[in-house]
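Shown next, in structure tokens, is the structure this report addresses.
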């Protein structure tokens with residue numbers, strides 16, 4: 001009996017540690033922001049922090065190596081790794097070396113940790129605690145003045161998204177505990193005022209995802225989902241054909257009331273300059289032409305940075321340019337499958353959908369407009385979590 005209790009206790013401890021590691025990996029940028037606010041003299045915290053996460057995760061993985069071999073994602077990661085290594089061999093550069101270090105940490109390392117057993121609700125709760133603490137200190141120190149808008153936006157948004165998701169799907173019942181959502185509410189208003197355009201798009205996407213799949217399913221949910229999709233389609237059509245007029249009306253309306261929304265103001269200025277994409281259209285053309293030159297295998301990981309001195313600002317074009325159709329199939333096809341599964345899956349739990357929404361909204365919109373693919377941990381966590389969850393549901397159906 002004592003041996004059984006001890007084993008159960010150890011499993012609980014491992015479960016909690018893994019949940020904490022997943023939460024900290026997801027909120028990595030947010031925690032680095034928090035440390036920067038509280039201890040501005042500390043430098044290099046992020047490098048040490050990721051090493052600690054991976055080291056603890058590695059120790060946990062040593063206790064269950066067969067889990068890695070049995071999981072389908074492990075073989076996919078090996079295939080992707082083989083392609084990456086081949087490109088490093090032929091097109092090595094310091095830039096590629098940095099990208100691959102990031103991918104080994106956030107792509108391979110965190111995905112392997114997520115193959116371990118961990119409690120989804122516990123992960124969300126831990127993320128919520130870290131997020132609330134970060135928001136409180138951000139509000140106290142007014143940290144948006146201390147960082148670049150993009151850095152601040154993508155460090156705060158995971159916290160804000162976690163608080164919103166926790167409130168929708170996992171909120172506490174006690175009145176006093178609900179008071180802890182107040183920092184998130186205050187941060188929501190501040191985020192709309194100071195976030196960049198990508199951050200606002202990410203927030204709107206999150207609101208849409210939680211709207212089509214509420215905490216409790218009912219007979220009206222399908223109808224509400226159809227209505228929301230129709231409204232979204234109408235909004236997208238209006239945005240495409242009348243976005244200049246819409247932006248101008250909103251900007252003038254808020255300006256008359258002395259309210260400045262950073263994303264809206266920048267969009268208004270860019271329209272006036274006739275450069276809404278901020279010169280990204282030229283990068284898109286370079287990326288597409290590079291893909292056409294080598295459509296099957298691409299031009300090598302990091303090739304765009306080497307050849308054009310930057311990145312594509314669109315992860316789909318980056319994948320096509322760097323890895324061609326081969327890399328597109330490996331990454332984009334599973335991504336589409338994951339999105340369809342979570343949005344249409346009737347057996348998806350609230351906790352599973354919560355983590356999907358968090359990983360998706362904090363990575364995909366950002367990758368579509370600005371950041372580099374290989375060091376965006378939320379995206380690799382999305383792929384790992386999605387593939388593991390799909391396999392788990394398949395196994396459940398087989399058993400039934």
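For all residues, glycine too, the Cβ spot is worked out from N, Cα and C.
In this model, the domain 'O-antigen ligase-related' (185-332) carries an average pLDDT of 84. What TrEMBL lists as domain 'O-antigen ligase-related' is 185-332.
Taken from TrEMBL, the feature transmembrane segment covers 21-42 (among others).
Under the heading transmembrane segment, TrEMBL lists 48-65 (among others).
What TrEMBL records for 72-90 (among others) is transmembrane segment.
What TrEMBL records for 96-114 (among others) is transmembrane segment.
Among the features that TrEMBL reports, transmembrane segment is placed at 126-146 (among others).
Residues or ranges marked as transmembrane segment by TrEMBL: 152-170 (among others). Listed as Cβ neighbours of the transmembrane segment (152-170) (distance under 8 Å, sequence separation of 6 or more from its ends, same chain) are residues 26-27, 29-30, 32-33, 121, 124-125, 127-128, 130-132, 134-135, 138, 143-144, 146, 181, 183-184, 187-188, 191, 194-196, 198-199, 202-203, 206-207, 210, 214-215, 350-351, 353-354, 357-358, 361-362, 366, 371, 378.
Sequence-distant contacts of the transmembrane segment (191-210), counting only residues of its own chain at least 6 positions beyond either end whose CB sits under 8 Å from a CB of the stretch, comprise 144, 149-150, 152-154, 156-157, 160-161, 164-165, 168-169, 228, 232, 259-263, 266-267, 343, 357, 360-362, 365-366, 369-370. The annotation transmembrane segment is assigned in TrEMBL to 191-210 (among others).
The feature transmembrane segment is assigned by TrEMBL to 230-254 (among others).
For the transmembrane segment (319-343), the list of distant contacts is 76, 79-80, 83, 87, 209, 212-213, 287-288, 290-291, 294-304, 312, 352-353, 356, 360, 373, 382-383, 386-387, 389-390, 393: same-chain residues at least six beyond its ends, Cβ to Cβ under 8 Å. What TrEMBL lists as transmembrane segment is 319-343 (among others).
Feature annotation from TrEMBL assigns transmembrane segment to 373-390 (among others).
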Out of 21-42, 48-65, 126-146, 230-254, which stretch touches the transmembrane segment (373-390) the most, going by CB pairs under 8 Å?
21-42
For the transmembrane segment (126-146), what are the same-chain contacts with Cβ under 8 Å, counting residues 6+ beyond its ends?
19-20, 23-24, 26-27, 30-31, 33-34, 36-38, 152, 156, 158-160, 162-163, 166, 170, 180, 183-184, 186-187, 190, 194, 358
Given a Cβ distance threshold of under 8 angstroms, which distant residues of the chain, six or more beyond its ends, lie next to the transmembrane segment (21-42)?
49-50, 53, 56-57, 60, 106, 110, 113-114, 118, 123-124, 126-127, 130-131, 133-134, 137-138, 141, 143, 146-147, 151-152, 154-156, 158-159, 162, 358-359, 362, 377-378, 381
